[in-house]
Structures are given as C-alpha cells and as structure tokens.
Amino acid sequence: MAIHPSSYDPETSTTHYTFLPGQPDSGHRKSIKVVSVILLSSFFLLYLAAFVILNNQPPNLQNKSPSASETLTPATPSRGVSQGVSEKTFKDVSGTSQVSYTWSNAMLNWQRTAYHFQPQKNWMNDPNGPLYHKGWYHLFYQYNPDSAIWGNITWGHAVSTDLIHWLYLPFAMVPDQWYDINGVWTGSATILPDGLIMMLYTGDTDDYVQVQNLAYPANLSDPLLLDWVKYQGNPVLVPPPGIGVKDFRDPTTAWTGPQNGQWLLTIGSKVGKTGIALVYETSNFKLLDGVLHAVPGTGMWECVDFYPVSTLDANGLDTSYNGPGIKHVLKASLDDNKQDHYVIGTYDPVKNKFSPDNPDLDCGIGLRLDYGRYYASKTFYDPKKQRRVLWGWIGETDSESADLQKGWASVQSIPRTVLFDKKTGTHLLQWPVAEIESLRSGDPKVKEVNLQPGSIELLHVDSAAQFDIEASFEVDRVTLEGIIEADVGYNCSTSGGAASRGILGPFGVVVIADQTLSELTPVYFYISRGADGRAEAHFCADQTRSSEAPGVAKQVYGSSVPVLDGEKHRMRLLVDHSIVESFAQGGRTVITSRIYPTKAVNGAARLFVFNNATGAIVTASLKIWSLESADIRSFPLQKL
C-alpha cells in the first residue's frame, strides 16, 4: 500500500544531503532561528564600517578588480547542442580556456540551498509534467543519475504535500527504448475527465531524431504514481515535412478543442529564424493547418507553454477553460538566448490562432517571465487550491569543474502562482506560493529607515543567508516631481550597476554581502525619465561584485517595471544561500540571481539597505523573516 499524504510529518523528518569529502553529514541544516552569536568586537567593527560609509560618502558599491587564486583550465565542452537541445553548460567569455577558482569544500557546501528543490546529487534541468494526484503534488525533472553534467537524461520524480517539503521517489522513466535511448526529454501531463493521466514527452532516438512519446501510470490508484508504462505504439509523432529532426520538442499539456472529444496540444519548433508553435489534434495525432503562433527572428522555441488566465478574479484556470473574461498566455523558452518570454493575447479555438494583445510585446521580443537565470519553465493547474503554479529551472553559471567537485548542478525555483495583472492589462503577476510562509521563523523584524542620498545601513538579522524580506520605498515627492532632471534611456544591464548614481537611484537592499562590502549583490530600483517625460522605474539585480571568484557570471539583470499612481516601490526577496529570487510590484517583474560568494559565507553574510541616489531622500519600510529549512529527503519506500 502507498503511504497517504497525512502520514508524512515534516516536523519529525530529517533532510539528507550528499556532503563533500571532509564535511560531516550533520543531517538537517540547522534551523535559522539563531545561527550564531556575534562577538562584541565584531559588532564594533561593523558599526565602525557603517560609520565610515555613512560619513558623507556614497555606498561602497564601486567595481573592483577581484583577487583570487586563479588557474587556467581547458574550455568547457559544449553539451546538448550536438543532440539538438539548448546548450547545457555555462560558457565563459574567455575563449579557449577559462579561469577557475580553487573552491573549498566548506564554500561549496554553503552554496547548496536550504529550501529550494534539488536532487541529492548530480545534474538536473527542466521541470517536467507537474501535477496533483490523490493528495500529492508530483514533480518530474530532467536528471543525470551518473554525473553533475548534462547527459543520460532520465526522469527524476519527487512528491510533496505542500510544494515545499519533498520526498525523492525512484526514477519515473529511463532511456531504454530505441525512441528515447539518447534521452527521455521534456514533457507535460494531461489529466483526462475520467482521471486518466497521459504523459507526452520528447524522446531522442537512436538516430538522434526528436520524436514524441506517450506514457501513463501502471496503477492509477497509486497516489505516488511509482510505475510508468511507455505506450507500445511509440513514437506517436515524428517531425513533419519542413521541420528539422532536431527542431521538434517539448509538448505542452493538452486542452479541449472546439469539436466534441477533441484534444489539442502544441510543440515548439522553428522555420529558419522564426520561432513557431505547431498544433496537433490528439485523437489521431494529426498536424493542424497553420501554426498557433509564429514570431520572426526569435529562433527555436523550446518548452512552449499555453494556458488561460482570468481577467476577472484571482483563481487559476484549468488549461481547457475558455470563455468570457479570459486571456491566454503563450510562453516560449528561446534557444538562442536562453530566456523565457511570454505574451498575453486572445485564442480563437475555431481558427486555431493566437493573437497578441500588443504586437510590440509579442513572444520573444517583449516581456520575460524572469530577467535573471531562469529557463525552461512549466506551469500546471492545481485543482486543490484553484491556482496556476509555475516552475522554472535555475541553472549554474560557474565552471563545470566546480560542479563536478561539489557533485551537483542546478536547482528548481520556488513554485510561483501566476495571475493576470488587471491594473496594467499587459503583465502577469508571479508570486511565491503561500506555503513558503510556513518556513518563516517567528515574528518578522520590522524596520523603517530614512535614507539620505549616498547612505547605507546594516540590518541586524538572525541569518542573512536564509530569509524572506518585504520592502517598500517612498521617494520624497519634491525630488520626484523634479524628474525632468533625471537621465533618459536607463538600462539595467548597461548601467554600471548599483555604483552608477543618478538623481533618483539606485535604492534598495544589498544581500549576501560581507561586512566590508567587498562582495555584495544589490537588488534595487532606479527611476529615470522615459521618452514621454514621465518617471520610469527600473528593477535591477547587480551581480558584478557578487563574488571574488573568476569564471562565474557577473552581470546586471533587470528591466523596467510599471509603478502606477499611488503605488510605492515594493520588492520581495527570497534569499537562500546562493539563490536570490526577487519580485517587484507584486511580481510584475521578477529576477532570479545565481551567485557564488567566497567571503559572504558560513555566517559571514550581511544584509544592508541603501540609497545611492545623488538627490533623493528615500524612506524604506522593511519586514524580514528568517526561514527554516525545507525537509527534502528520500521517501521511506520500505514502509510501503
């Protein structure tokens, strides 16, 4: 018999990680109610540093040359591209060789997250086929059981009762048939009206041709869905004429068509440089005429997602729902630039066509789900709480040798709810699922700070490496009304980061910083003047000084974000050691940062609030919660 969800108690469970050599396995990462005691002398040094910074000097946010023990290593080989999927290794810009850093085991162990989902060891990428079944949330994921690099892709499987605490299960599917022998790649789940679960996934054949295959649970009454059967008639779809054999992958969840009993699904592809979404009718797997949508110049579309959102209320919708008060979201992961783009529009099921509300914001040329390290996202409808939930892959941006040393690579984002932004009419709102708040430890620390131009203040928290912060910022109205003097054409990625000062920015928080601010990751707002002369807000995450190690990504992520009349500038950050997920204005703009500090680790991480503007006084209001660790461990199958 399968264990019922109610018999799993996270309060009495233990997390098991795979620790590096020389590091004792201490079991569950300790609760973060009180991580360490700061000595009086340390407090004195911190206050002294803060005083020096505040003494008529702007924050120490300038870029400096790193000093580190460096070695040259061979260039990282390409992985995945030759088989027809996106590049799976982070490519340093240094050419034929790259600079690597000598990481200690303590540093690498610190990088492992405490409440984001990741396997015990080895490589992980795309989230696959998320669903809810008989009391359990199921997450499948691309996994290499042999190594911390991409290859031998298998479907990992885990279950949860709350999307936060997870139990690893045996592999759902392995590459063991001619039609998937080179990889059981990304797929989606469709739940039929009678409760039958159909999983459609891409297989890489023995001839490296991308085909679509069906699988289904061997025992639908099993809440854990432990055993899966591959359909004997696989493959059910092969690349159609005019489509490359390596340009046909990642089927979506199916939805009901206009004809009785008809089911439709879409698959990403390209024709030349035009990204397209093909549509198939599933009763006989017939390719329908035309395409659901196409956008020239966007290249190969991977991991396409297509679903409805309500313009009237805050509930999520089943993928097949259509009617009044409905918009549809088309999302594609762009192989050319490794970005997840989306567009909101109207779906005509009779003509099988999607039309964007604003062609200037079309898929691939407009809005992104996340402006940081975030790719291959996948949503599902959660019938338990009537919401649409979004998963995304957070990949590595360090060296492959470092991943091999630590023995794992990549995590999944915290699941997010997705809603239509009724105020703008153009954006989605993404927000961490409410269950993450169950990890909050006690009452929040509440702080209100009046920040003069060029000031920074240390915030004393129990842990500056594992927390949830909500912050709002109010710019003095007199200065804000002088927007005519602000700069025009600001761009996060080309701005110079938090060290670049203007009349109205930057201002925000500094996370995962050491006490001297030699390593820091600022997340901030910057107000500029738009082409129409009105104030335009930007939301940015600056990684340029996030690490003194060479060979890791150091750039500024971000985009503009609508801040409407009467709204304060608001942000929420989930900080989990080497991951920072940042949400602006209720989730209109989101940035995921993957960082690799060398100093701000093992209790040395600090949290600051700052205002590096030259002319604006900013009032910051903050609530900060320390977060407990999630329980992520193997399912006790011996109890079945």
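Each Cβ is built from the backbone N, Cα and C atoms, and glycine gets one as well.
If you check Swiss-Prot, you get these features:
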- 1-22: region 'Disordered' (REGION)
- 34-54: transmembrane segment (TRANSMEM)
- 62-86: compositional bias 'Polar residues' (COMPBIAS)
- 62-89: region 'Disordered' (REGION)
- TRP123, MET124, ASN125, ASP126, GLN142, TRP150, TRP185, THR186, ARG249, ASP250, GLU302, ASP335: substrate binding site (BINDING)
- ASP126: active site (ACT_SITE)
- CYS492-CYS540: disulfide bond (DISULFID)
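CYS492 (disulfide bond) carries a helical DSSP state (H, G or I). Residues TRP123, MET124, ASN125, ASP126, GLN142, TRP150, TRP185, THR186, ARG249, ASP250, GLU302, ASP335 are listed as the substrate binders, and the farthest two of them sit 20 Å apart at their Cα atoms.
For CYS540 (disulfide bond), applying a Cβ distance below 8 Å and a minimum sequence separation of six or more within one chain yields CYS492, SER495, GLY497, ALA498, PRO506, PRO522, VAL523, TYR524, PHE525, TYR526, VAL556, TYR557, GLY558, ILE591.
Taking the Cβ of TRP123 (substrate binding site) as centre and 10 Å as the limit, one finds 24 other Cβ atoms among all the protein chains shown. Checked against ASP126 (active site), the binding-site residues GLN142, ARG249, GLU302 differ in C-alpha distance, with GLN142 being the nearest.
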